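Here's the structure we're looking at; comments come further down.
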Amino acid sequence: MVLGWPLLLVLVLCPGVTGIKDCVFCELTDSARCPGTHMRCGDDEDCFTGHGVAQGVGPIINKGCVHSTSCGREEPISYMGLTYSLTTTCCSGHLCNKGTGLSTGATSLSLGLQLLLGLLLLLQYWL
């Protein structure tokens, strides 16, 4: 039982293992940068990034948590007096909507950590 407490601590503190999901949140913006803040999602929610376009102007973006049934939808949204067509793209990993390319790394790291913890638990009972 030597590894018991450290493994329990990692399970409690690692969001990918416990099922806790944070997403990046930022309001609608016309800036290419959307640094945002972290927000906690509900069990039935996914992280999303919304990309909006309107004829003759630059794109808009927003991020946050959304009910999984809203993923992939395109809907009109008003921003700064213009109507944009906003498409919601969802992902299900911890902070997966943070930026391009980071979601895959974060998800891979989480899965790798889960595999490592599982192997350590198995070794604990064999030794």
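Every residue, even glycine, has its Cβ placed from backbone N, Cα and C.
What Swiss-Prot says about this protein:
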- 1-19: signal peptide (SIGNAL)
- 23-97: domain 'UPAR/Ly6' (DOMAIN)
- Cys23-Cys47: disulfide bond (DISULFID)
- Cys26-Cys34: disulfide bond (DISULFID)
- Cys41-Cys65: disulfide bond (DISULFID)
- Cys71-Cys90: disulfide bond (DISULFID)
- Cys91-Cys96: disulfide bond (DISULFID)
- Asn97: GPI-anchor amidated asparagine (LIPID)
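The structure, with features from Swiss-Prot marked on it.
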residue : record         : DSSP (3 states)
Cys23   : disulfide bond : strand
Cys34   : disulfide bond : coil
Cys41   : disulfide bond : coil
Cys65   : disulfide bond : strand
Cys71   : disulfide bond : coil
Cys90   : disulfide bond : strand
Cys96   : disulfide bond : coil
Checklist line | Nonlocal neighbours by CB distance (under 8 Å) for Cys23 (disulfide bond), same chain, sequence gap 6 or more | finding: His38, Met39, Cys41, Cys47, Phe48, Lys63, Gly64, Cys65, Leu95, Cys96, Asn97
Margin query: Using a 10 Å radius around its CB, how many other CB atoms surround Cys65 (disulfide bond)?
Written below: 21
Notebook entry, point to check: What's the CA to CA span in angstrom from Cys34 (disulfide bond) over to Cys71 (disulfide bond)?
Noted result: 20
Check: So how many other Cβ atoms are close to Cys91 (disulfide bond), meaning within 10 Å of its Cβ?
Finding: 19
Next item on the list: Return the single residue from the disulfide-bonded residues list (Cys26, Cys96) that has the minimum number of other CB atoms within 10 Å.
Entry: Cys26
Check: In sequence order, what residues of the same chain, 6+ apart, have a Cβ less than 8 Å from the Cβ of Cys71 (disulfide bond)?
Finding: Asp46, Phe48, Thr88, Thr89, Cys90
Notebook entry, point to check: To the nearest whole angstrom, what is the C-alpha distance linking Cys26 (disulfide bond) and Cys91 (disulfide bond)?
Noted result: 16
Note to self: Need one number: mean pLDDT over the domain 'UPAR/Ly6' (23-97).
What the structure shows: 92
Next item on the list: For each of the disulfide-bonded residues (Cys34, Cys41, Cys47, Cys90), count the other CB atoms lying within 10 A of its CB, then report the residue with the highest count.
Entry: Cys47
